[in-house]
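Quick notes on the structure that follows.
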């Protein structure tokens, strides 16, 4: 059984190509069953997100399986044959395992180390199982990938260094205030950035949220989603005194928070500090606000320094993650190689027994004078010779099955002995084995 991944992502294809091979929830069920019904596909899973569409599969015939998937993506996406070689990547065996493990760990994402992808991998796998389109190998592959993704985040802390502006603003607020529980936050704006900011505020346990927007209706929609309160911009001056934190992300072309307003607010607060986070471009908050006693102003440039530092930390964590992934790949390869080895051993024994039976029948036809007891003795002798001849190859094959290149030894043995192992003797399939290649390069 061979495993593979065929896909395209934000690095390999522009959005106008990616959107052609995207799937709605309803389409995924149809697509999975169409794939599963194609010749050469034993199990499959489709991972479809904003930045990638990937088809993971297992096949007993690599050539048939790859042909089927190529036909599927070209038909579904209404793409031309030249698009496949231009925009798609194909990984098999070791490289396929590594790819999924890195994807689940957030190392192949647009935002290094992001956490959302692990949930998307889990959802894709669960959908494949629910549609009865997975198989034993795909099950083990994805289950281990999910485990690897969790392990990478737990052991490296790669997701503990925020690199989005909205998250960084909330994270900074938590750090300077020593936590957000019991605090009141005001958010200006009701766009995408505000939605993300509110999500992070809720996750950090902020006590009260006030959302201000020019359109109160939009603010009310957001307030319902987070248990907050909606107000108009006209009310900001009177309500700001309640807030410990203000995060502003409007689309205004002028300052919406001015020094004079903040001076009045701070007088009413009795000097109790307020932390301002301006994540808008152009800026929403007059820089002179920072001159008002008790205020602390962070604009997008100040937060970018934090993001740059955190991104450097994530890169360090990613290097640690690659070591974990390499270990997990070797573990999975040992298991996968054992699946190749067992049929090879069975095929080798069958080949030996076939030769034994054929030659034994031929010999006994010429030795008709032998008694039944003597014929049994000759048969036992033939069996003993076959078993002893096969003992060393089988023992060594079992030993090498635990190595990353175990499949290579299995395939060599199949070719040397012309073994009939269904679905495993592949023509024109090039498989790379890093451990073998490294030794060859050193030699």
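Quick reminder: no glycine exception, Cβ is built from N, Cα and C everywhere.
Summarising the environment of residue 50 (active site, nucleophile), the number of other Cβ atoms within 10 Å of its Cβ, over all protein chains shown, is 13. According to DSSP, residue 50 (active site, nucleophile) sits in a coil region rather than a helix or strand. Per Swiss-Prot, the feature active site, nucleophile maps to 50; the stated evidence is sequence analysis.
The feature substrate binding site is assigned by Swiss-Prot to 49, 50, 51, 52, 109, 114, 115, 116, 120, with sequence analysis given as support. Remark: residue 115 (substrate binding site) has 106, 153, 159 as non-local neighbours, by Cβ distance under 8 Å and separation of at least 6 in sequence.
Long-range Cβ neighbours of residue 193 (NADP(+) binding site) (same chain, at least 6 residues apart, Cβ-Cβ under 8 Å): 165, 166, 249, 279, 280. For 189, 190, 191, 192, 193, 194, the entry in Swiss-Prot reads NADP(+) binding site.
Here the Cβ of residue 99 (site 'Important for activity') has 21 other Cβ atoms within 10 Å, regardless of which shown protein chain they belong to. The site 'Important for activity' annotation in Swiss-Prot covers 99, and the record cites sequence analysis as its basis.
For residue 194 (NADP(+) binding site) paired with residue 120 (substrate binding site), the C-alpha to C-alpha distance reads 23 Å. Excluding 49, 50, 51, 52, 109, 114, 115, 116, 120, which define the substrate site, the same chain contributes 106, 110, 117 within 8 Å (Cβ to the Cβ centroid), listed in sequence order. Taking the centre of the Cβ atoms of 189, 190, 191, 192, 193, 194 as the NADP(+) site, the nearby residues of that chain (Cβ within 8 Å, site residues left out) are 195, 196, 197, 249, 250. Rounded to a whole number, the distance between the Cα atoms of residue 50 (active site, nucleophile) and residue 109 (substrate binding site) is 11 Å. Counting every protein chain shown, the Cβ of residue 194 (NADP(+) binding site) has 24 other Cβ atoms within 10 Å. Rounded to the nearest whole angstrom, the C-alpha distance between residue 50 (active site, nucleophile) and residue 120 (substrate binding site) is 11. Rounded to the nearest whole angstrom, the C-alpha distance between residue 49 (substrate binding site) and residue 99 (site 'Important for activity') is 16.
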